[in-house]
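Only one structure is covered here, and it is reproduced in the block below.
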Amino acid sequence: MEFAIGAVAACGACFFSNPMDVLKTRMQLQGELKARGHYTLIYKNIIHAGIAVAKNDGILGLQKGLVPALGYQVVMNGIRFGLYQKILDSEIITRADGSVSTMGCIAAGAGVGVVGGFIGSPLYLVKTHLQSQAAESIAVGHQHKHQGFMPALWGIAKKEGIRGLWRGAVSSIPRVGVGSASQLFTYSKSKDWLEQYGFYARDSWQSTFFGAMASGLVIASCMSPFDVIATRIYNQGLDTQGRGLLYKGITDCILKTLKTEGVWGFYKGWTAIYLRIGPHSFLNLIFWDLLQSLYINVHPCLHHQIYKNASTRKK
């Protein structure tokens, strides 16, 4: 049930955060492998990007890639939160006083993130392709021109085989590992500090909000370089032999980006990443609590076990 609740809660949050994900993808692909001042700045900032997409792609353009994004949330966060809760329940990383070990939290967070991210990689691949597709006047990056979610999945599998659906999956490992570890660690510690210094109770919505926004800041800063790399490797076009037109792999992408765009290139779309992750985390956790409450009301006999699990997670 932890897997199902985590998946549904993540999907609820995804409806609200997907537009920021679209803008983040566009801004990360803008000026790819070009020095600043040597390309047309289509998206000047996050607000300008939103207006440009709505004007040229229509208001629904802000929800491009929503179906695979929802599917990715089901797989990624269903597995990630479900496994993380199982680890907490097993008390493997729990100290004698009930608190969670710092290193154990980081290691568990990274591990469950990698597992969920790798399994959900085909959905992330299609999501990236669809989110990058745009009207010609605002197009950035390679344009795959898929006709939708299922045609994209079928087309990739038919052209590249099943292995093609996991193209770029390796680039997602550092992204989801760093992102998951920093999120779960920072969120837990932020709530601890807020309660310790008497600001908000650990189970209050204020604590959830500030914990989510604080973790979003850390995630955006730590994950941005890996997110840019993953987006570009997933989105690049292929030659007739199935090799990337721009990058051979993660190392090649890092070196080429650093050489042509400098360190700044790894932080393109940082604002969109933060504005997506912070609210997404908050909504995800709020939906999680609501779904747990609903499940408890529908299944009163399981109240004791759910309450025990929730108490363990909050330590």
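Cβ atoms here come from the backbone N, Cα and C positions, even for glycine.
Noted in TrEMBL for the protein shown:
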- 1-90: repeat 'Solcar' (REPEAT)
- 100-193: repeat 'Solcar' (REPEAT)
- 203-294: repeat 'Solcar' (REPEAT)
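Helix, strand and coil residue tallies for the repeat 'Solcar' (100-193), in that order: 75 helix, 1 strand, 18 coil [DSSP].
Residues of the repeat 'Solcar' (1-90) grouped by DSSP class, helix first, strand second and coil last, total 70 helix, 0 strand, 20 coil. In terms of DSSP helix, strand and coil, the repeat 'Solcar' (203-294) has 73 helix, 2 strand, 17 coil.
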